[in-house]
C-alpha cells in the first residue's frame, strides 16, 4: 500500500481549543500574542536567492542589450555578425559559396530601415498584451474576491469556458494556416474536457472550498491591495522583458534561433512570475493563519501590523525559499493532477494500473518535497522550503487530511482560470499582429499568452493561498475551522470521513483482487 494510504483509519486529532491553544499554536508558529514582539528569523535557502538575483541581473542586461540593438536603428551594436555562428555548417572539402559583389552604397538605403527590423515595431503589441492581462487580472480578483459568492463565478467561468475557448483558438490557428498550433490547441481542449469528465463528482466539494476561501479573502481587503500592487511590479519587469523580446523578433536568426531565444527568455519570465506569485502566496497565507489562530482580525491577541510583518518576512528571510520552490512546484503539481485523473478511471486493467502506479509513486515522492502547502509553513515558521514541504505533507498524512487534499480540485480550477486569462490575452494580441505582420503572429501570440497567464496568476494565487491555509489549519487543529465557520467544519469532517472510507474500501478491493490471482489463497 502506498504511503498515502497509511493514514486510512486516522482522523484529525484536534488539539485543545480555546485561547490557550491559540496562544500555544501562535507561539509555535513564531508569532507574538498581543503586544509581544515578532521573533527574529534566519535567512533560508540563500543559495537560490543568489541564483535568482544573478538571473535577474544577467537576463535584465541581455534584454536591454537586445532591445536597444534595434531600437531606432538596425544593428546598433553590430550583433548581426554573430548570426553566422548559427548558419548551416560547411563540410570540409566543399567549395566556398561565391561571394557577390556588394551593391553600390545608396543614401536612401543607409537612412531607411524596414520597420520589421526595429524593436519599436513589436513593442506596442506587448504593451497591448500587458494592458489586457492587467485588466483581466484585476477584473478576476474583483469578481472572485469582491463578493462572498465569487467562488461560484470562478468555477463556472473556468470549467465551462476553457474547453470552448481552446476550440475557438484552434479554429483560428487552422484559419491562419498554422496547422501545428491548431492541432496542439485542439488536443489541449480534448484533454481538458476529458479531465473535467473524470473529476466531475468532485466539483461540489471543490465549490464549497472555493466559496469559503473567497469569503476569507473578502474579509481581508488588505491582501487584495497587495495583489494589485504585485501585478504592477510584475508589469514593470514585463516592460523590460517585452522590450528585449521585441528586439529578438526584429533580429533575424537562422535555423529557428528566434524560437530558441524566445524559449529561454520565456522560462526566465515564468520563473520571475512564479516567484512574485508565491511571494503573494506567503503573505496571504500568513495573514489567513493569523486570523484563524486569533479568532479574527480585530482580536486583541492579534500582533501589531500583521500584514507589514508578513510582507517583510516574505521579501527578506523567506525569499530564498520562495525562489527555490518556484522552480519546481508548478510542474510537479500539474503532473500529479493528470496522473490522479488517469488513475481514477483505469478500472481493472492491471498492466496499465501497474505502469500508472509506478509514475504515481514517483510523483508522490516529489510532492513530499515540492508542494504548495510549503508556502504556508514558510509563512508560519520561516523554515527552508524542503523542510516546510515535508512537514506539511507529513502533517496531512498523519491526520488523514491528505485524503481531502487529493479529492479537492480547487487548484486545478484556479489553474484553468489562469490559462483562460492567458488565452484571451494571447488571442487579442495575436489577431492584431496577424493583420499587421502575419509571419510574427504565432511568436507574439504565444509569448503574450504567457504574459497574460502570469499577470492573472498573481491575483489567482490570493484565493489559492486561502485554500492551502484552511487545510493546514484544519490539520493542525480542526477546532480553528469550527470556531470560524461551524457549518463548514461539519461539511469538511463529513467529507473526510467519506474519503477515508472510500480509500479503505478501494485498498481492500485491490488487495483481494491480487490475492485471488495467487493459488491456494482465499479473499480476506
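The backbone N, Cα and C atoms fix where each Cβ goes, glycine too.
The region 'Disordered' annotation in TrEMBL falls on one of the ranges 39-63, 64-88, 89-113, 114-138, namely 89-113.
Of the ranges 123-145, 226-253, 259-276, 283-301, 412-435, the one with the most Cβ pairs under 8 Å to the transmembrane segment (157-177) is 412-435. Within the chain carrying the transmembrane segment (123-145), a Cβ under 8 angstroms from the stretch's Cβ atoms is held by residues 151, 153-154, 214, 217-218, 224, 227-228, 231, 235, 238-239, 242-243, 245-246, 417, 421-422, 424-426, 428-429, 432-433, 444, 447-448, 451-452, 454-456, 458-460, 462-463, all 6 or more beyond its ends. Counting Cβ pairs under 8 Å to the transmembrane segment (441-474), the stretch among 46-68, 183-205, 226-253, 283-301, 412-435 with the most such contacts is 412-435. Between the transmembrane segment (46-68) and the transmembrane segment (226-253), three or more CB pairs separated by 6 or more residues in sequence fall under 8 Å, so the two stretches touch.
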